[in-house]
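Structure, as structure tokens:
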């Protein structure tokens, strides 16, 4: 039986989160918890992913619109068994069904593969964990290695309370067996709900085997009910990411002060200072230094690049030997060639900066092409927007643009041109021309400053 489908329970409200956002949409590492679980299901090559939803239906569908899930509505939240009953009509007899939870985001593909491999024919494989303090959790009762029951804390006798192995709620069985047991569930309990733990007893009644597989990492099966638990899982996840990067050769000034909210690939001798955030897909070359407080999102950084503190780079490409920052911003579409310098309080948007060119201070370069070996002075602005449309500025090679100049697009400045400081350029400039529109300087001798009356 190789076919596999996954059911993800995500209908709960999450009252203890004190939020209008459904609990499963709260984020770990910049991604909704339920999206972590969906991604893990994809890694298992699940034929179908059934998502049980209820509270916050519109928000869930909005956030997960692109996900390949079968939406299964649970109008009332009447327990885990009731949630599985909603998905049961979609189960095929000959497929394995894995039951997961949208608020248990760190469950791994490897743990689930181990669980699936241990499932007995027509029986159940149940994921469990040992806790130093199992108070409040359902105890796993075994006889001769087989799980015979899950006993809740309030129903356990003194001997059962000594058991430290508890139920995580994650289980796998075949579709036919699940449908059979789900049809036999009842809600004869104090809460009036249908519980999946009762399936264990039903399997035993049918003479079928229930095996327990213990999770190696407690945090994989930790659920989230409040923001403290969310924060604890966030820190655990970040520690695991940093450990992998450290072992792969990345240097961190302080591993506890780094956040990875996506995917990071890197070359050799990469050094990352404190409070750096990586989002989306980021690729770093060799000998890259990232200063304190930088944010990088969906960008490619080549070899020998220095990114000084508090720079923000998004959807951009940076060439070899570039220097960026401090306090630089590269917006989507920014492309820096090799040996470029972009300095403090410079913003580059949808613009290409040629080899060896410098934009060192207090400038905005948008919708532009800057040639090789240009010098863009402090306070230069490409005026690319007329209130309705965007226009482009084209600058050739070896151009010098003096400080506090405005380049009003559409505009072409040919190679070798010089723009004097304080110039507003509104017409195209030819090769090797000097353009200056500065008001003539006046000197007034013996000037008396106004005095207060």
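Counting starts with 1 at the first residue shown.
Here the Cβ of each residue, glycine as well, is placed from N, Cα and C on the backbone.
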Record-annotated acetyl-CoA site (Swiss-Prot): member among 414, 417, 421 besides 378, 384, 385, 403, 438: 421
Of 12, 152, 361, i.e. the recorded positions, those within 10 Å of residue 103 (Mg(2+) binding site) when Cα atoms are compared: 12
Residue 152 (UDP-N-acetyl-alpha-D-glucosamine binding site) versus residue 361 (active site, proton acceptor) - Cα distance in angstrom: 66
C-beta crowding around residue 152 (UDP-N-acetyl-alpha-D-glucosamine binding site), within 10 angstroms: 15
Beyond the flanks of the region 'Linker' (228-248) by at least 6 residues, Cβ under 8 Å: 17, 26, 28-29, 105-106, 219, 222, 255-256, 258-260, 264, 266
Reduced DSSP assignment, residue 9 (UDP-N-acetyl-alpha-D-glucosamine binding site): strand
Helix, strand and coil totals (DSSP H, G, I; E, B; other) for the region 'Linker' (228-248): 20 helix, 0 strand, 1 coil
